[in-house]
Amino acid sequence: MRTPCVVQGQRKLLLCSVWLWVSVVAQTSPPAPTGQSQPGSKLQFRLAGYPRKHNEGRIEVFYNHEWGTICDDDFTLANAQVLCRHLGFVTATGWTHSAKYGKGVGRIWLDNVNCGGSEKSILDCKSRGWGNSDCTHEEDAGVVCRDERIPGFVDSNVIEVRQKWQRCREEQQRASGVWNGANNLGPAAREWRPMNSRMVCAETVSRDLAFTLSPNPLHYRLHSVACTGNEVHLSLCPFEFYKGNTTGACKGGMPAVVSCVPGPLFATGNAQKKNRPISRIRLKGGAKPGEGRVEVLRKNEWGTVCDDRWSLLTASVVCRELGFGSAKEALTGARMGQGMGPIHLNEVQCTGSEKSLWSCPYKNITEEDCKHSEDAGIRCNIPYMGYETTIRLSGGRSRFEGRVEVELGAGSNGTPKWGLICGEGWGTLEATVACRQLGLGFANHGLQETWYWDASNVTEMGLSGVKCSGHEMSLSQCQNHGTNVNCKRTGTRFAAGVICSETASDLLLHAPLVQETAYIEDRPLHMLYCAAEENCLASSSRKANWPYGHRRLLRFSSQIHNNGRADFRPKAGRHSWVWHECHGHYHSMDIFTHYDILTPNGTKVAEGHKASFCLEDTECQEGMQRHFACANFGEQGVSVGCWDTYRHDIDCQWVDITDVQPGSYIFQVGGGRLGGGAVAGSRQRQPGLTQGAA
């Protein structure tokens, strides 16, 4: 079916149609254990689980309208080769057992699979038959495919409802509101409900736009479409088909018309965004807008949600609460990374009509109920805004890196005019937004100099003073100098660049350790010469009567965990580390972590930072190996599954609060350079930062 919708153009009104192809999976009985395929059987495959790369994961198969897994009993490389070809890869390089990528949910469709390796389909392999298994999800099999695609492969991993903007025709509207000459097929509008429009707009966010003229006469195929608003796809709403020749159907009615507009989150102006209340729910760890691990704020502390009974209906409530459309996928098994701290909610069961996740029934968590390996996540439908058409990379060695160029409007010949971004002040937060806008995932590094990349024919600086919070969807939403471009160092050498990655480190602060170890110390000035050299004291210390007097310091320990899918490494190699004579050590990064003291309304009254003289794997989770150590000028970094600890008695592991008046403040620990994925941060209230107590 297809549903017309109105698109506002430049003084033009377009009548479009959304085609929904409903792929009906054949209701066949399971094939016999001999593995002979049956006519009409339609299978779909996907890789799932965590942590993983795009060419590996738990293998899941869609059969008989349900996703399920494959047991690892008798699993071989030959089985993996057949499955990887289903997924569009040329072959397999390995396979995994014992749910290495996490336990799946639902059915275990196949067991004791026995392929020779040359079969065209898993249906041609021997097995115990569909749904016949004595396994548990602790035995889910995974595959590792060679990262090489089959030429011309058409992706088989289609969902049941595929959407594509298919027809678009410029029309004129009569004063009576009836469309003139609208030669489009669609449902009748006489019984069209507002909830139906809601479901269309929640789904129809495809970026695949193909506008063509429809020469067909007006026919109606659907009527009595009756969505309740709980559905996540229009195809799930009740409706009726017209039968036979339908040119005379829908007497007195007209085609249903839907006008979809971006919500406040995607509004071009800032007025709506500024008026939005602070949300008690957020997404972390996702590479793209509208996806990530679900985290909720409860009792002033962020925590995760357990995936027990996590459903598409519940995920859609979260998506809409955050300003997106309906949910494309409800993710389980910490597929968006494991969180830190408490798990606040368990067995959340929304009906789909709630405006907030907090309106849904849920259970409070106990330690026995859930672990962070069961953190829930979501992927939402989002409007196509065309952000990626106004940015590009040049000069890099791959499509994931390069000098950032932004569109400045039309040139003299009508083609787009491009400009560079001034590298001054450019960092990981800005690179995070650029990589997101480009659709290239996470930011590994934001580069202020790009002289080592190939030259570009674009030499004009188009933007300067770019400053992002890291949450924006495009660089145009970040602060900048506008048309008053001011860049002290010009030319392609000093243009901003990025290195993006599909996988990234996800560095998270262990907040309880900060709370447990925080205290105030009055430290004599004669013990702070090195700290002053590294700018670890407030600016007022420069006017102090050295070496007499003291500074009041808020001291604490911090522990940074890497729960991502890639090791965190300093951008600079060992050859460019900076030696600090006073402390007698190298710095691999200028600033690793920021520490801020804020008033309850968010005003910063004091700040500190930690320069990284040592990034290492202090400890790791069980089964994970330490790779990085600072001893003997060793390689620095934080491995996946490990953490780096900075003790409270280390120099600069503090905030200078000498000038802060007694009162209650918010202590915020974060970092603009904490990894290429989610920036670590925890906002903890330290009651009564008064004289002598924290």
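Glycine is treated like the rest: Cβ placed from N, Cα and C.
In TrEMBL, annotation is done automatically, which means it is predicted and not curated.
If you look up TrEMBL, you'll see 1-26 marked as signal peptide.
The feature domain 'SRCR' is assigned by TrEMBL to 45-146 (among others).
Counting only same-chain residues six or more apart in sequence, the Cβ atoms lying under 8 angstroms from the Cβ of C71 (disulfide bond) belong to I108, L110, D111, N112, V113, S133, C135, E139, D140, A141. Residues annotated as disulfide bond in TrEMBL: C71-C135 (among others).
Annotation source TrEMBL lists disulfide bond at C84-C145 (among others). The local packing around C145 (disulfide bond), expressed as other Cβ atoms within 10 Å of its Cβ over all shown chains, amounts to 28.
Residues annotated as disulfide bond in TrEMBL: C115-C125 (among others). When secondary structure is read from DSSP and collapsed to three states, C125 (disulfide bond) falls in the coil class.
Marked as domain 'SRCR' by TrEMBL: 192-261 (among others).
In the three-state DSSP reading, C237 (disulfide bond) counts as coil. Counting every protein chain shown, 19 other Cβ atoms lie within 10 Å of the Cβ of C237 (disulfide bond). Sequence annotations record features per position, and here TrEMBL assigns disulfide bond to C227-C237 (among others).
TrEMBL lists 281-381 (among others) with the feature domain 'SRCR'.
Neighbour density for C306 (disulfide bond): within 10 A of its CB lie 23 other CB atoms from the protein chains shown. DSSP assigns C306 (disulfide bond) to a strand. Residues or ranges marked as disulfide bond in TrEMBL: C306-C370 (among others).
Counting only same-chain residues six or more apart in sequence, the Cβ atoms lying under 8 angstroms from the Cβ of C380 (disulfide bond) belong to G290, E291, A315, V318, C319, L322, F324, G325, S326, A327, K328. Classification of C380 (disulfide bond) by DSSP places it within a strand. Under the heading disulfide bond, TrEMBL lists C319-C380 (among others).
In three-state terms derived from DSSP, C360 (disulfide bond) belongs to neither a helical nor a strand segment and is classed as coil. For C360 (disulfide bond), the number of other Cβ atoms no farther than 10 Å from its own Cβ, over all displayed protein chains, is 19. Per TrEMBL, disulfide bond is recorded for C350-C360 (among others).
What TrEMBL lists as domain 'SRCR' is 391-501 (among others).
Taking the Cβ of C478 (disulfide bond) as reference, residues of its chain lying under 8 Å away and at least six apart in sequence are, in sequence order, E430, V433, V466, K467, C468, S469, E472. Taken from TrEMBL, the feature disulfide bond applies to C468-C478 (among others).
Checked against C227 (disulfide bond) by C-alpha proximity, the disulfide-bonded residues C84, C125, C360, C370 yield C360 as the nearest. Of all the disulfide-bonded residues in the record (C84, C115, C237, C350), the one with the smallest CA separation from C306 (disulfide bond) is C350. Taking DSSP states H, G and I as helix and E and B as strand, the domain 'SRCR' (391-501) has 17 helix, 38 strand, 56 coil.
A 10 Å cutoff on Cβ-Cβ distances gives C84 (disulfide bond) a total of 26 other Cβ atoms nearby, all chains included. Across the disulfide-bonded residues listed here (C125, C227, C319), the residue whose Cβ sits among the most other Cβ atoms within 10 Å is C319. In this structure, the disulfide-bonded residues C115, C135, C350, C468 were compared by how many other Cβ atoms lie within 10 Å of their Cβ, and the smallest count belongs to C135.
Of all the disulfide-bonded residues listed here (C84, C145, C237, C360, C370), C84 has the Cα closest to the Cα of C115 (disulfide bond). A coil conformation is recorded for C115 (disulfide bond) in the three-state DSSP classification, outside any helix or strand. Closest by Cα distance to C145 (disulfide bond), from the disulfide-bonded residues C125, C237, C350, C360, C370, is C125.
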